[in-house]
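Undergrad: Okay, these came from TrEMBL:
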type	residues	note
BINDING	N98, H103, E108	oxalate binding site
BINDING	H101, H103, E108, H147	Mn(2+) binding site
DOMAIN	67-200	domain 'Cupin type-1'
SIGNAL	1-26	signal peptide
Amino acid sequence: MASRIPTMKLLSLVLSSFVIVQIALASDPDVLSDFLVPANQNNVRGGFFTYTGMRVLVNQSTFPANFTILKASMVEFPALNGQSVSYAVLQYPASSLNPPHTHPRAAELLFLVDGSLEVGFVDTTNKLFTQSLQAGDMFIFPKGLVHYQYNADPNNPPIAISSFGSANAGTVSLPKTLFATSIDDTILAKSFETDVSTIQALKAGLAS
């Protein structure tokens, strides 16, 4: 019996490791019901599974002056909770940019509906992958990696649709995270091998 104890412990460790790996690979946790309903909502009808926030695009007569994202995540559309999917429509005026950012909980699959777009992401070896997209193209931004989109066309504003493998993919904007929070100027100056005044100028620019 004593000789079996190490084997049982090893088996337990292997099984535990497998569970941890599965959790790490998963996006949103599986739900044990057909769908999730907010605690304050009792009478669920078809309207709960309908999101009308994108109707503004149908009746839109002018293109936005600034880069604009219309989201349908579980924040805007509670019925998505537990469904491991969300959606966004991105509008890029002339020469506009979706700055470098990450989505910590999901990959992003972008479909370019109209126009052209310069896109790119950086992997964990610091290798940059770029591509020029035309209408009808799709591009995948792997989960958690820094990426961006840029409209280099000064005349034509593109529109893209992005889908995510999470109801709440999350967005971490690098410029805002680094220079619009309370990280000490000295720490940032040392990290970027520059001086404090340069860091303060960057922070002032984002604040404005």
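Here the Cβ of each residue, glycine as well, is placed from N, Cα and C on the backbone.
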Undergrad: In whole Å, note down how far the CA of H103 (oxalate binding site) lies from the CA of H147 (Mn(2+) binding site).
TA: 9
Undergrad: About how far apart, in whole Å, are the alpha carbons (Cα) of E108 (oxalate binding site) and H101 (Mn(2+) binding site)?
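TA: Rounded to a whole number, the Cα-Cα distance is 12 Å.
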Undergrad: For a quick check of packing: other C-beta atoms within 10 Å of the C-beta of H147 (Mn(2+) binding site), how many?
TA: 21
Undergrad: How many other Cβ atoms sit within 10 Å of the Cβ of H101 (Mn(2+) binding site)?
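TA: The Cβ of H101 (Mn(2+) binding site) has 19 Cβ neighbours within 10 Å.
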Undergrad: Output, ordered by sequence, the same-chain residues six or more apart from H103 (oxalate binding site) with a CB under 8 Å from its CB, or 'none'.
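TA: Within the chain, H103 (oxalate binding site) has Cβ neighbours under 8 Å at F141, K143, G144, F164, S166, A169, G170, T171, V172.
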